[in-house]
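Straight from TrEMBL, the features:
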type	residues	note
DOMAIN	1-314	domain 'Protein kinase'
BINDING	LYS28	ATP binding site
Amino acid sequence: MDSSLGEGVFGTVTKCRNRATNQIVVLKVMKKDEKMCLNFKRELEMLEHISPVFNLVKFIEFFDFQDRQSMVFEMLDISVYDLMQEEFPFSLSQARPVAKQLLIALQGLQDIAVIHADIKPDNIMLVNHREQPFKVKLIDFGVAKRSDQVYPGQMMQPISVRAPEVRLGLPLWEAVDMWSLACCLLFFCYETAEEFFGYSDFDNMTKLANFIGTPAKELLDEALYAQKYFVSENNNWRLKTLQEFKESTGENPDMSEEQHSIYNLEELIKRSREFVSEQESNDRDAFHDLLSKMLEINAEKRITPAQALLHPFITMDHLPKGDNYTKEAHELMPILSGAAHNTHTPPVKIKYPTFALSAAQTLVLLYELLDEVS
């Protein structure tokens, strides 16, 4: 089996076996670069801070040796994005356990005032899909932030899942992650959901106004970047036309082609109830009610993880007992014990010998690359 699991701007990810414990792990090796060294230190600080939170990837240990820096994580399965290439769209019974586990993760992060800032299908990993279907963990804390370190106007999150308060330059806190999770759930369950996500900030703002609605006047009055996207007229705000945006900003934003299969969230709700059973129709109503609360434009009014975990779509209190649909929904929900914390042991920093070893020799000494393991 090829030991390489991927490569990015940060370095490489490799599947390895710990020679001392025989444990199969993932080794993230950073590039030899000053910027990467700073990123490594920031991610390491965050990983040590968030280690107790439930449904996050387990961080095992790290290396800081000469000019080669590495982190060791537990081995997981494929990403939800990869699964979507094989099984898409997800049924509500499949999406529900993923939603619940990630809400627990967000509750834990909120408890310690951490923003993940990069929630997307690629960063949601299945633990072992064959043995534990739809058991997931959140990974990649390379851009995570303490909520007391963010400020209005700071850019974060991938464009397609970027919360409106980020684009508009409003106060930021953990609520931005709830918006991203809602976007992911839309991705999981609806083939036409891609029409909600644009290719640029202006494209996304246009789709937001059409799909959910224009941000309220009181929000735009306080937003640092309101005038980038909107025009103030007669004591109110309207979205700029594409031409007005180009002329006022000098930008030529990427725009997606106009689509007409869905117009707004209400239309999506209506169409999703066609040709389904009464039980599934009721379940979809509950799902869309949760989505609408997660996609609240005003972050102060957006549902919190703790509130969302009590929502009927998650608790399934709205489903009739003994029904086959209800039975299937319960069977796919993983058994989750505890409130919001793991019992992880603290990450370990390896103590190196004082005699000279190259970084490559050190890695070989401690970890065996699994080129030959099937």
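Heads up, the Cβ atoms here are built off N, Cα and C, so glycines get one too.
What TrEMBL says about a protein is an automatic prediction, not a curated fact.
Other Cβ atoms within 10 Å of the Cβ of LYS28 (ATP binding site), summed over all protein chains shown, number 23. Per-residue confidence over the domain 'Protein kinase' (1-314) averages out at a pLDDT of 91.
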